[in-house]
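Marked as active site by Swiss-Prot on the basis of sequence analysis: CYS117.
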Amino acid sequence: MKPKIFIDGEHGTTGLQIRVRMAGRTDLELLSIPEAERRNAAMREDLLNSADIAILCLPDDASREAVAMVAGNNRVRIIDTSTAHRVAPDWAYGFAEMDKAQPQRIRDARHVANPGCYPTGAIALIRPLRQAGILPDGYPVTVNAVSGYTGGGKQMIAQMEDDQNPDHIGAPHFLYGLTLKHKHVPEMKMHGLLERAPVFSPSVGKFAQGMIVQVPLYLEDLAAGATLETIHRALVDHYAGQSIVEVVPLDESAKLARIDATELAGSDAMKLFVFGTKGGAHVNLVALLDNLGKGASGAAVQNMDLMLSA
């Protein structure tokens, strides 16, 4: 029998992208709810309990409600794309490349929390340096990022694309999260293995899909002997053999004059760069990804495939 997959929230931005990625797959049976019935709790509960894997593309509270609907059904496994369970100890964090053992944790899990888009890039850069002993305890990490506006869901898409919208946003680029309490900070801290919460400054650009995440570092405040080359080597070693995450060679990075945030739009890949001057005082770590790809829907499908391979 084919595994049954139900996307709860399939008509939203992330859910639609997951459907696109599953189109044409003959190895799955997709359960679906009509858009007009998407708030029909009884119908949702029935579909959730009929699935082998339920992928939740819902706001946090609705995701918690969906989890409660299948609490007594040990057969149903869940991938939650909301923020609700990303730092919960009994949920596997769905960043498969985070550790060598993470794919198996995802395969074995009943509950998988899909990472946030910004944390995917930040953790990809920070965690290997913590594990290699390069980034010391207590280092004051800063994360700066820009995302495509689809990361804000249907509401922001309408605000950015419809100039007749009463809340139209005409700015080509804007900062938000100005109180420094963005909901992605806790997972950056936990899964980045940080002792202190990072200072996180997110922003949105006037492009639909794409993302750049930056982590600038002072070399003199890192472990003794840390250089541009040792940092790059730590990332290369960590992601050796990975097909989705690419660490760009230093000589290639050195030739770049700019990075286009939309380069990987429509892709589920992620590129990591280390920039700096040989013998210089600073390095800038950069992750490039699609906020709806490896940053959301692509990761959800990757996690689903891992769970089905158990």
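Quick reminder: no glycine exception, Cβ is built from N, Cα and C everywhere.
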Distant-in-sequence Cβ neighbours of the residue listed as 'active site', under 8 Å, six or more positions away: SER147, GLY151, MET211, LEU289, ASN291, LEU292, GLY295, ALA296
Coarse DSSP state, helix versus strand versus coil, of the residue listed as 'active site': helix
